[in-house]
Amino acid sequence: MAASGKLAALRLPPLPTIGEIIKLYNLRAEKQLSQNFLLDMRLTDKIVRQAGSLKDAHVCEVGPGPGGMTRSILNAGAADVLVVEKDSRFIPSLKLLAEAAPGRVRIVHGDILTYRMDRGFKPDIAKKWEDEPPNLHVIGNLPFNVSTPLIIKWLESISTRSGPFAFGRTRLTLTFQKEVAERLTASTGSRQRSRLSVMAQTYCTVKNCFTIPGKAFVPKPEVDVGVVHFTPLAQPQIQQPFNLVEKLVKNAFQFRRKHCFRGLAMLFPEAERPELTQELLRRACVEPTLRPTELTIPHFRALADAYGQLCARQQGLASYEFREEQRLKRLHRKRDDAGAATTVGPPHKESRPAPRDEAEE
C-alpha cells in the first residue's frame, strides 16, 4: 500500500476533552511551569502548515504535552516525529499516539534545553549548509518561561552549526508570547525593536505568521500567542563570534531610550571608557546620538567588527563585564566602610581615667 494510503487509514486516539485534561493532568497546579496547551485541531493544523510541507519529513516537536500538535504533525504526513517532553504526566498520552502510529513516533522524556538533538536523527538526512534546508523541522508550543533562553541557545547553535543545525539549515516553527513574537520580527525604528530582534535577524529570516488568542489555550494565559517561523541564513549578517555579537547587542539596548553611546560605553572599563567608546563609534561610522532602536543590522555589523578589532588589540577587553566591575567596587567600598568603623570603634561607656602611663600626652 502506498504511504498516502497508510496515512489515510491511520486512526489516532481521540483527543481528551478540556475537562479530562484539567482533571487527569492537574493543569491548574502546574501553571507555574508556564504550560498552556492547545487542543483545537484547527489551530494546531494551522501552526503545522506554517512549517511548509511535512510529507515524509523528520520532525522534532518540543513540549508536546498531551499530543495535540503531534496529531497534526502526523496527519500532515511526517515520517518520523521525535517528541521531547519534560513533564512525566504526559508520557502515557504520548505512548498512546506512538502505539497508534507504529514506527512514526519516538518519545524522549527530557529537557529540550539540555537534549542533544544532533543525536536524535540519522546523519544521512543532513544537507550542506549552503544547500536548501534539510527535510527536518523543529515545531513546538513553547512554555513562556523557556522560550527566550531556548531561541537564544538555538541562535548560537546556528552560528556553530550544531544541535538541530548539525543537519543543515533546519527550520523552526515555534510559539511565543505575542510581545516576544513582535520583538523577534520588529523592524528598525519600531517600538518593539530589541536585542531579540537583532539577534534573530542576524542569523535567520524571521516571519511572524499569525496570532492565537489566549482563550484558545488550556489553561488560558493572560496574553495572546504568536507563531513565528525561522529559516537560518546561509551566511549570518554579522561574521563575528556569537558571544561577541550578543554582548555588543545586549549592551547597546541596555538604555534603550537613551542615545546608543550610553549602552555601548559599558563595553569598556571605566578608566578608558570615554576614549574607547569614541574610538568604537568612529571606527564603525555610527552617530553616537542614534537610539538603539534606530540602529540597523549594518550598523551592528560595523560596531561588531570595530569591537572585535579593539578586543584583538587590548588584552582582557573581550572578557570585561561592567557589572562585575561595579560589584567589585561595591565590595571594596563595604570593606573600606567596615575598616573605618573598626578604626573609630563603638562609643565607650564612661570609665575610670586611664593610668598616667597609658594616657595621651
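Each residue, glycine too, has its Cβ placed from N, Cα and C.
Annotated S-adenosyl-L-methionine binding site per TrEMBL: Asn36, Leu38, Gly63, Glu85, Asp111, Asn141, in sequence order. Taken from TrEMBL, the feature domain 'Ribosomal RNA adenine methylase transferase N-terminal' applies to 43-234. Residues or ranges marked as compositional bias 'Basic and acidic residues' in TrEMBL: 329-338, 347-361. As annotated by TrEMBL, region 'Disordered' applies to 329-361.
For the S-adenosyl-L-methionine site listed in the record, the two most distant Cα atoms among Asn36, Leu38, Gly63, Glu85, Asp111, Asn141 lie 20 Å apart. Secondary structure at Asn141 (S-adenosyl-L-methionine binding site), taken from DSSP and collapsed to helix, strand or coil, is strand. Least packed by the Cβ count within 10 Å, out of the binding-site residues Glu85, Asp111, is Asp111.
In three-state terms derived from DSSP, Gly63 (S-adenosyl-L-methionine binding site) belongs to neither a helical nor a strand segment and is classed as coil.
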